[in-house]
Amino acid sequence: MFAFICLLAIASAIDFNTWASKNNKHFTAIEKLRRRAIFNMNAKFVDSFNKIGSFKLSVDGPFAAMTNEEYRTLLKSKRTTEENGQVKYLNIQAPESVDWRKEGKVTPIRDQAQCGSCYTFGSLAALEGRLLIEKGGDANTLDLSEEHMVQCTRDNGNNGCNGGLGSNVYDYIIEHGVAKESDYPYTGSDSTCKTNVKSFAKITGYTKVPRNNEAELKAALSQGLVDVSIDASSAKFQLYKSGAYTDTKCKNNYFALNHEVCAVGYGVVDGKECWIVRNSWGTGWGDKGYINMVIEGNTCGVATDPLYPTGVQYL
(Lines of atoms letter the chains of each structure in order from A; the text may use other names.)
(Lines give C-alpha, C1' and ligand atoms only; values in the text may rest on other atoms or scores of the structure.)
Protein backbone atom coordinates (compact mmCIF):
# COMPACT_ATOMS: atom_id res chain seq x y z
CA MET A 1 0.00 0.00 0.00
CA PHE A 2 2.82 2.42 0.90
CA ALA A 3 4.54 1.75 -2.42
CA PHE A 4 1.25 2.37 -4.27
CA ILE A 5 0.79 5.73 -2.50
CA CYS A 6 4.37 6.68 -3.39
CA LEU A 7 3.75 5.80 -7.05
CA LEU A 8 0.67 8.04 -7.07
CA ALA A 9 2.67 10.91 -5.60
CA ILE A 10 5.43 10.46 -8.20
CA ALA A 11 2.92 10.34 -11.06
CA SER A 12 1.31 13.53 -9.82
CA ALA A 13 4.69 15.22 -9.47
CA ILE A 14 5.61 14.25 -13.04
CA ASP A 15 2.34 15.71 -14.29
CA PHE A 16 3.01 18.94 -12.43
CA ASN A 17 6.60 19.13 -13.64
CA THR A 18 5.47 18.59 -17.22
CA TRP A 19 2.92 21.37 -16.82
CA ALA A 20 5.50 23.72 -15.28
CA SER A 21 7.96 23.07 -18.10
CA LYS A 22 5.31 23.54 -20.79
CA ASN A 23 4.11 26.82 -19.27
CA ASN A 24 7.61 28.08 -18.42
CA LYS A 25 6.84 28.29 -14.70
CA HIS A 26 9.65 28.43 -12.14
CA PHE A 27 9.22 28.25 -8.37
CA THR A 28 11.36 28.12 -5.25
CA ALA A 29 11.44 24.74 -3.50
CA ILE A 30 8.84 25.74 -0.90
CA GLU A 31 6.59 27.49 -3.41
CA LYS A 32 6.83 24.47 -5.70
CA LEU A 33 5.32 22.27 -2.99
CA ARG A 34 2.41 24.69 -2.61
CA ARG A 35 1.85 25.02 -6.35
CA ARG A 36 1.95 21.25 -6.81
CA ALA A 37 -0.72 20.85 -4.12
CA ILE A 38 -2.94 23.44 -5.85
CA PHE A 39 -2.31 21.80 -9.22
CA ASN A 40 -3.36 18.42 -7.83
CA MET A 41 -6.47 19.98 -6.27
CA ASN A 42 -7.40 21.53 -9.63
CA ALA A 43 -6.68 18.24 -11.41
CA LYS A 44 -9.12 16.49 -9.08
CA PHE A 45 -11.76 19.15 -9.78
CA VAL A 46 -11.20 18.80 -13.54
CA ASP A 47 -11.48 15.01 -13.42
CA SER A 48 -14.69 15.19 -11.40
CA PHE A 49 -16.27 17.84 -13.65
CA ASN A 50 -15.33 16.13 -16.91
CA LYS A 51 -17.27 13.02 -15.89
CA ILE A 52 -20.55 14.96 -15.77
CA GLY A 53 -19.99 18.31 -17.50
CA SER A 54 -21.27 19.32 -20.93
CA PHE A 55 -17.88 20.83 -21.85
CA LYS A 56 -14.30 19.95 -20.96
CA LEU A 57 -11.81 21.37 -18.48
CA SER A 58 -8.07 20.77 -18.34
CA VAL A 59 -4.97 21.42 -16.24
CA ASP A 60 -2.92 22.06 -19.39
CA GLY A 61 -3.45 25.83 -19.25
CA PRO A 62 -1.43 28.62 -17.59
CA PHE A 63 -3.60 28.91 -14.44
CA ALA A 64 -3.64 25.26 -13.35
CA ALA A 65 -1.45 25.91 -10.30
CA MET A 66 -3.42 28.92 -9.06
CA THR A 67 -6.34 28.96 -6.67
CA ASN A 68 -9.47 30.56 -8.06
CA GLU A 69 -9.00 33.45 -5.63
CA GLU A 70 -5.49 34.08 -7.00
CA TYR A 71 -6.69 33.79 -10.58
CA ARG A 72 -9.48 36.33 -10.05
CA THR A 73 -6.97 38.98 -8.99
CA LEU A 74 -5.70 38.92 -12.59
CA LEU A 75 -9.06 40.10 -13.96
CA LYS A 76 -8.67 43.86 -14.18
CA SER A 77 -11.24 45.15 -16.69
CA LYS A 78 -13.74 46.24 -14.06
CA ARG A 79 -16.41 48.92 -14.30
CA THR A 80 -17.09 51.53 -11.65
CA THR A 81 -19.45 53.84 -13.57
CA GLU A 82 -21.94 53.45 -16.40
CA GLU A 83 -20.48 54.27 -19.81
CA ASN A 84 -22.22 56.17 -22.56
CA GLY A 85 -21.51 55.78 -26.25
CA GLN A 86 -23.10 55.86 -29.66
CA VAL A 87 -25.48 52.91 -29.96
CA LYS A 88 -26.41 51.77 -33.44
CA TYR A 89 -29.02 49.29 -34.63
CA LEU A 90 -27.99 47.58 -37.87
CA ASN A 91 -31.42 46.00 -38.40
CA ILE A 92 -30.09 43.39 -40.82
CA GLN A 93 -30.66 39.66 -41.06
CA ALA A 94 -27.44 37.96 -39.95
CA PRO A 95 -26.38 34.64 -41.50
CA GLU A 96 -26.77 31.35 -39.60
CA SER A 97 -23.10 31.29 -38.72
CA VAL A 98 -19.99 33.48 -39.00
CA ASP A 99 -16.34 32.59 -38.41
CA TRP A 100 -13.85 35.21 -39.52
CA ARG A 101 -10.96 32.81 -38.82
CA LYS A 102 -12.03 30.79 -41.86
CA GLU A 103 -11.85 33.96 -43.97
CA GLY A 104 -8.29 34.71 -42.87
CA LYS A 105 -9.36 37.90 -41.09
CA VAL A 106 -8.21 37.09 -37.56
CA THR A 107 -4.64 37.67 -36.38
CA PRO A 108 -2.82 35.04 -34.26
CA ILE A 109 -3.61 34.57 -30.56
CA ARG A 110 -1.62 36.87 -28.27
CA ASP A 111 -0.59 36.52 -24.61
CA GLN A 112 -1.02 39.42 -22.20
CA ALA A 113 1.11 37.59 -19.57
CA GLN A 114 0.83 38.93 -15.99
CA CYS A 115 -0.18 42.46 -17.03
CA GLY A 116 -3.87 43.36 -16.58
CA SER A 117 -4.07 44.62 -20.15
CA CYS A 118 -6.92 42.54 -21.57
CA TYR A 119 -8.68 45.76 -22.58
CA THR A 120 -5.90 46.49 -25.10
CA PHE A 121 -5.92 42.97 -26.55
CA GLY A 122 -9.69 42.77 -26.97
CA SER A 123 -10.00 46.20 -28.56
CA LEU A 124 -6.97 45.86 -30.85
CA ALA A 125 -7.97 42.35 -31.98
CA ALA A 126 -11.29 43.81 -33.16
CA LEU A 127 -9.46 46.67 -34.90
CA GLU A 128 -6.99 44.31 -36.58
CA GLY A 129 -9.86 42.16 -37.85
CA ARG A 130 -11.80 45.10 -39.23
CA LEU A 131 -8.68 46.50 -40.91
CA LEU A 132 -8.18 43.14 -42.64
CA ILE A 133 -11.84 42.96 -43.68
CA GLU A 134 -12.21 46.55 -44.87
CA LYS A 135 -8.70 47.54 -45.99
CA GLY A 136 -6.88 44.27 -46.67
CA GLY A 137 -3.56 43.02 -45.38
CA ASP A 138 -1.99 39.81 -44.07
CA ALA A 139 -3.44 38.36 -40.86
CA ASN A 140 -0.16 36.60 -40.10
CA THR A 141 1.87 39.81 -40.06
CA LEU A 142 -0.59 42.52 -38.94
CA ASP A 143 0.20 43.24 -35.29
CA LEU A 144 -0.83 46.45 -33.54
CA SER A 145 0.93 47.54 -30.35
CA GLU A 146 -0.84 46.70 -27.11
CA GLU A 147 2.11 48.22 -25.23
CA HIS A 148 1.39 51.57 -26.88
CA MET A 149 -2.13 51.44 -25.46
CA VAL A 150 -1.02 50.19 -22.02
CA GLN A 151 1.41 53.06 -21.60
CA CYS A 152 -0.39 55.91 -23.34
CA THR A 153 -4.11 55.71 -22.49
CA ARG A 154 -3.99 56.77 -18.84
CA ASP A 155 -5.27 60.25 -19.68
CA ASN A 156 -8.24 58.52 -21.35
CA GLY A 157 -9.15 56.72 -18.12
CA ASN A 158 -7.13 53.50 -18.24
CA ASN A 159 -4.70 52.28 -15.59
CA GLY A 160 -1.88 50.51 -17.42
CA CYS A 161 -1.37 46.95 -16.19
CA ASN A 162 -4.06 47.48 -13.55
CA GLY A 163 -6.93 47.47 -16.00
CA GLY A 164 -8.96 49.66 -18.29
CA LEU A 165 -11.62 49.69 -20.98
CA GLY A 166 -11.48 49.21 -24.73
CA SER A 167 -13.62 52.30 -25.29
CA ASN A 168 -10.82 54.39 -23.74
CA VAL A 169 -8.36 52.72 -26.12
CA TYR A 170 -10.55 53.69 -29.06
CA ASP A 171 -10.83 57.27 -27.78
CA TYR A 172 -7.03 57.48 -27.83
CA ILE A 173 -6.71 55.94 -31.30
CA ILE A 174 -9.24 58.38 -32.75
CA GLU A 175 -6.94 61.24 -31.77
CA HIS A 176 -3.45 59.73 -31.93
CA GLY A 177 -3.57 56.42 -33.79
CA VAL A 178 -1.81 53.21 -32.77
CA ALA A 179 1.70 51.98 -33.55
CA LYS A 180 2.84 48.64 -34.93
CA GLU A 181 4.05 45.99 -32.49
CA SER A 182 7.51 46.09 -34.07
CA ASP A 183 7.78 49.84 -33.34
CA TYR A 184 6.46 49.59 -29.76
CA PRO A 185 7.04 45.99 -28.51
CA TYR A 186 5.02 44.43 -25.70
CA THR A 187 6.73 44.12 -22.31
CA GLY A 188 3.66 43.59 -20.15
CA SER A 189 4.76 46.28 -17.72
CA ASP A 190 3.97 49.89 -16.85
CA SER A 191 6.25 52.61 -18.13
CA THR A 192 6.22 56.15 -19.50
CA CYS A 193 4.36 56.78 -22.76
CA LYS A 194 6.64 57.21 -25.76
CA THR A 195 5.32 60.12 -27.78
CA ASN A 196 7.74 59.90 -30.71
CA VAL A 197 6.43 56.60 -32.11
CA LYS A 198 4.90 56.58 -35.59
CA SER A 199 1.24 55.56 -35.76
CA PHE A 200 0.33 52.78 -38.17
CA ALA A 201 -3.49 52.74 -38.01
CA LYS A 202 -6.34 54.98 -36.92
CA ILE A 203 -10.13 55.03 -36.52
CA THR A 204 -12.71 57.80 -36.76
CA GLY A 205 -15.05 56.41 -34.10
CA TYR A 206 -16.60 53.36 -32.48
CA THR A 207 -20.10 51.99 -32.08
CA LYS A 208 -21.79 50.27 -29.15
CA VAL A 209 -23.99 47.30 -29.97
CA PRO A 210 -27.41 47.61 -28.26
CA ARG A 211 -27.07 46.04 -24.82
CA ASN A 212 -28.28 42.46 -24.30
CA ASN A 213 -29.38 42.24 -27.93
CA GLU A 214 -28.09 38.97 -29.36
CA ALA A 215 -29.61 39.58 -32.81
CA GLU A 216 -27.77 42.90 -33.10
CA LEU A 217 -24.50 41.35 -31.88
CA LYS A 218 -24.84 38.71 -34.59
CA ALA A 219 -25.48 41.48 -37.12
CA ALA A 220 -22.37 43.34 -35.97
CA LEU A 221 -20.32 40.13 -36.20
CA SER A 222 -21.54 39.55 -39.74
CA GLN A 223 -19.62 42.73 -40.64
CA GLY A 224 -16.50 42.21 -38.54
CA LEU A 225 -14.91 41.38 -35.19
CA VAL A 226 -16.41 42.83 -32.00
CA ASP A 227 -14.76 43.76 -28.70
CA VAL A 228 -16.78 42.16 -25.86
CA SER A 229 -16.48 41.99 -22.07
CA ILE A 230 -17.36 39.05 -19.83
CA ASP A 231 -17.43 37.75 -16.27
CA ALA A 232 -14.46 35.37 -16.36
CA SER A 233 -14.19 34.74 -12.62
CA SER A 234 -15.35 31.10 -12.51
CA ALA A 235 -12.92 28.22 -11.92
CA LYS A 236 -14.55 26.58 -14.93
CA PHE A 237 -13.50 29.50 -17.12
CA GLN A 238 -10.04 29.44 -15.53
CA LEU A 239 -9.58 25.78 -16.53
CA TYR A 240 -11.70 25.66 -19.72
CA LYS A 241 -10.46 23.38 -22.50
CA SER A 242 -13.17 22.80 -25.13
CA GLY A 243 -16.88 22.49 -25.87
CA ALA A 244 -19.92 24.75 -25.44
CA TYR A 245 -19.22 26.75 -22.28
CA THR A 246 -22.02 27.76 -19.94
CA ASP A 247 -22.09 28.48 -16.21
CA THR A 248 -25.12 29.33 -14.10
CA LYS A 249 -22.90 31.01 -11.49
CA CYS A 250 -21.45 33.37 -14.06
CA LYS A 251 -22.99 36.87 -14.02
CA ASN A 252 -23.99 38.99 -17.01
CA ASN A 253 -24.79 42.39 -15.51
CA TYR A 254 -22.69 45.40 -16.53
CA PHE A 255 -20.78 45.81 -13.26
CA ALA A 256 -19.90 42.08 -13.09
CA LEU A 257 -17.85 42.27 -16.30
CA ASN A 258 -14.14 41.87 -15.51
CA HIS A 259 -12.34 40.63 -18.62
CA GLU A 260 -12.21 42.06 -22.15
CA VAL A 261 -11.93 39.71 -25.13
CA CYS A 262 -12.93 39.65 -28.81
CA ALA A 263 -15.79 37.84 -30.54
CA VAL A 264 -14.80 36.53 -33.98
CA GLY A 265 -18.06 34.83 -34.93
CA TYR A 266 -20.78 32.43 -33.87
CA GLY A 267 -22.00 28.95 -34.77
CA VAL A 268 -23.14 25.59 -33.41
CA VAL A 269 -20.84 23.65 -31.07
CA ASP A 270 -21.95 20.33 -29.60
CA GLY A 271 -25.51 21.09 -30.66
CA LYS A 272 -25.61 24.51 -28.96
CA GLU A 273 -25.38 27.92 -30.59
CA CYS A 274 -22.24 29.68 -29.32
CA TRP A 275 -20.23 32.86 -29.63
CA ILE A 276 -16.67 32.17 -30.82
CA VAL A 277 -14.52 34.20 -28.44
CA ARG A 278 -10.82 34.92 -28.76
CA ASN A 279 -8.90 35.29 -25.49
CA SER A 280 -5.46 36.81 -24.83
CA TRP A 281 -3.89 34.14 -22.63
CA GLY A 282 -1.85 32.34 -25.28
CA THR A 283 -2.67 29.20 -27.27
CA GLY A 284 -2.14 26.98 -24.21
CA TRP A 285 -5.38 28.18 -22.65
CA GLY A 286 -8.76 26.88 -23.81
CA ASP A 287 -9.29 25.63 -27.35
CA LYS A 288 -6.01 26.92 -28.80
CA GLY A 289 -6.72 30.30 -27.23
CA TYR A 290 -10.48 30.37 -27.92
CA ILE A 291 -13.65 29.61 -25.99
CA ASN A 292 -17.12 28.80 -27.33
CA MET A 293 -19.70 30.52 -25.12
CA VAL A 294 -23.36 29.48 -25.27
CA ILE A 295 -25.51 32.31 -26.67
CA GLU A 296 -28.74 31.49 -24.86
CA GLY A 297 -29.11 33.40 -21.61
CA ASN A 298 -26.27 35.83 -22.43
CA THR A 299 -23.65 33.56 -20.88
CA CYS A 300 -21.20 35.59 -18.76
CA GLY A 301 -22.34 38.85 -20.35
CA VAL A 302 -20.94 38.52 -23.89
CA ALA A 303 -23.86 40.61 -25.22
CA THR A 304 -23.89 43.11 -22.33
CA ASP A 305 -21.37 45.70 -23.54
CA PRO A 306 -20.09 44.97 -27.08
CA LEU A 307 -18.44 47.62 -29.24
CA TYR A 308 -16.44 47.87 -32.46
CA PRO A 309 -14.25 50.48 -34.18
CA THR A 310 -15.49 52.41 -37.22
CA GLY A 311 -13.73 54.33 -39.97
CA VAL A 312 -10.70 52.04 -39.71
CA GLN A 313 -7.68 53.00 -41.81
CA TYR A 314 -3.98 52.39 -42.28
CA LEU A 315 -1.75 55.46 -42.09
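Every residue gets a Cβ built from N, Cα and C, even glycine.
As recorded in Swiss-Prot, the features of this protein are as follows:
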type     : residues      : note
ACT_SITE : Cys118        : active site
ACT_SITE : His259        : active site
ACT_SITE : Asn279        : active site
DISULFID : Cys115-Cys161 : disulfide bond
DISULFID : Cys152-Cys193 : disulfide bond
SIGNAL   : 1-13          : signal peptide
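Between the C-alpha atoms of Cys193 (disulfide bond) and Cys118 (active site), the distance comes to 18 Å. Cα separation, Asn279 (active site) to Cys161 (disulfide bond), rounded: 17 Å. When the recorded positions Cys118, Cys152, His259 are compared by Cα distance to Cys161 (disulfide bond), the shortest distance belongs to Cys118.
Of all the recorded positions in the list Cys115, Cys118, Cys152, the shortest Cα-Cα distance to His259 (active site) is found for Cys118.
In three-state terms derived from DSSP, Cys161 (disulfide bond) belongs to neither a helical nor a strand segment and is classed as coil. Its Cβ taken as reference, Asn279 (active site) is surrounded by 28 other Cβ atoms within 10 Å in the chains shown. Under DSSP, Cys118 (active site) is assigned to a helix (H, G or I) in the three-state scheme.
Cys118 (active site) sits 15 Å from Cys152 (disulfide bond), taking the C-alpha atoms as the reference points. The two recorded residues Cys115 (disulfide bond) and Cys152 (disulfide bond) have their Cα atoms spaced 15 Å from each other. In this structure, the recorded positions Cys115, Cys118, Cys161, Cys193 were compared by how many other Cβ atoms lie within 10 Å of their Cβ, and the smallest count belongs to Cys193.
Look at the recorded positions Cys152, His259 and count other Cβ atoms within 10 Å of each Cβ; Cys152 has the fewest.
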